[in-house]
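Asks: Here's a structure for you.
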Ligand SMILES: *Cc1c(COP(=O)(O)O)cnc(C)c1O
């Protein structure tokens, strides 16, 4: 593709103005917004204001005057608009891992007659680990069953308590058909828990229209909530009365400030809160969510597809001869907003890329993963990233010893 046609794509980009809403370092092409979203400029101001005014001046009064106490529900309600849920069906709380555990335990406890949790091999590790630990805690005859995605729907039976799936796969960007899986599960009386960590803020979602039961999602990836941002959980209203959190903390109590001795869960989604919300972190997350609410997720999806198409085409032509092969959905198929390639030396190649300012990440054993974030990436960035990748492969600069050393975080 000629440089003028790439420039034309950027000139016609309806999201082009959003790039300046982020603080991006000079000389970096950031292809890891699927793992840690970039810093929105407004977030630094927002967190500063919460610190100076609400905390510094308001002090404890701010629980009421700045509505800190309502923040988990307020921000949850905003996330609901991004994922096609009703505002009272989502709260911000804890980490994705903890929210997975709370919902898995709640379902298994409510449905002791069904013994199987069904998931897929290669699901995100924490999802499977949280099932294992829930099973160890609850005991009995319950078990985790893993079925590959092409036969998964057939494996749902009237003994399946819960189907636990990651909607957009963290390595491959494969996407499940949420409506179809949910319908297959409901036909057998099973519930589905969707992990939306690589979906929210990346692809349009319609939880209510799909009949979704339960979901969790991550705040620090495509939502740009900041490192370790709080996560969220979704429980469809029809399940509010029957599911109870295994962590009956006071913030999930019907009347937290009655200070009574006995736990009584709140009637709505608030029953899935546990302890005091981290207000500074919730403020940063809210700022990232607010930015997403300005844009149409269909427009985001279209640009994501176009960026991915360009990236896949360029790599296929220029890098495939060096042993780089596409992983996940082929060009044109539904996908999440990251693109992954396999190469036996993927770790060292990624280190060489990062050293030259092209930041993606590596997922063992051999996957180079590149996040394509439509709000702050240009088509020009994609082509320049492939320029560097091609150069690293052609010169074999990845062979340098410093790129062979595995760091703690890959
Ligand atoms: C990133 C991610 C998580 C993160 O869980 P934490 O509790 O925040 O560490 C969970 N599930 C999936 C699918 C993810 O991609």
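Cβ from N, Cα, C; glycine included.
Keep in mind that what you see is a predicted model, and the values were worked out from it rather than measured.
Per TrEMBL, the feature pyridoxal 5'-phosphate binding site maps to 96, 97, 124, 125, 126, 127, 166, 195, 198, 220, 250, 276. The N6-(pyridoxal phosphate)lysine annotation in TrEMBL covers 221.
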Asks: Taking the Cβ of the residue listed as 'N6-(pyridoxal phosphate)lysine' as the centre, count every other Cβ atom within 10 Å, in any protein chain shown.
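Replies: Around the residue listed as 'N6-(pyridoxal phosphate)lysine', other Cβ atoms within 10 Å: 29.
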Asks: Taking 96, 126, 166 as the binding-site residues to compare, which has the smallest set of other Cβ atoms within 10 Å?
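Replies: Counting other Cβ atoms within 10 Å of each of the binding-site residues 96, 126, 166 gives the minimum at 126.
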Asks: What is the total of other Cβ atoms whose distance to the Cβ of residue 124 (pyridoxal 5'-phosphate binding site) is within 10 Å?
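Replies: Step by step: centre on the Cβ of residue 124 (pyridoxal 5'-phosphate binding site), count other Cβ atoms within 10 Å, giving 20.
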Asks: Consider each pair of residues in 96, 97, 124, 125, 126, 127, 166, 195, 198, 220, 250, 276, all listed by the record as binding pyridoxal 5'-phosphate, and report the largest Cα separation in Å as a whole number.
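Replies: Across 96, 97, 124, 125, 126, 127, 166, 195, 198, 220, 250, 276, the two farthest Cα atoms sit 31 Å apart.
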Asks: For residue 221 (N6-(pyridoxal phosphate)lysine), which of these binding-site residues sit within 10 Å, Cα to Cα: 96, 124, 198?
Replies: 198
Asks: For residue 250 (pyridoxal 5'-phosphate binding site), write down the residues of its own chain that are at least 6 apart in sequence and whose Cβ falls under 8 Å from its Cβ; none is a fine answer.
Replies: 256, 275
Asks: Counting across all protein chains present, how many other Cβ atoms fall within 10 Å of the Cβ of residue 198 (pyridoxal 5'-phosphate binding site)?
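Replies: For residue 198 (pyridoxal 5'-phosphate binding site), the 10 Å Cβ neighbour count is 27.
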Asks: Please state whether DSSP places residue 250 (pyridoxal 5'-phosphate binding site) in a helix, a strand or coil.
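Replies: Looking at the DSSP assignment, residue 250 (pyridoxal 5'-phosphate binding site) belongs to a helix.
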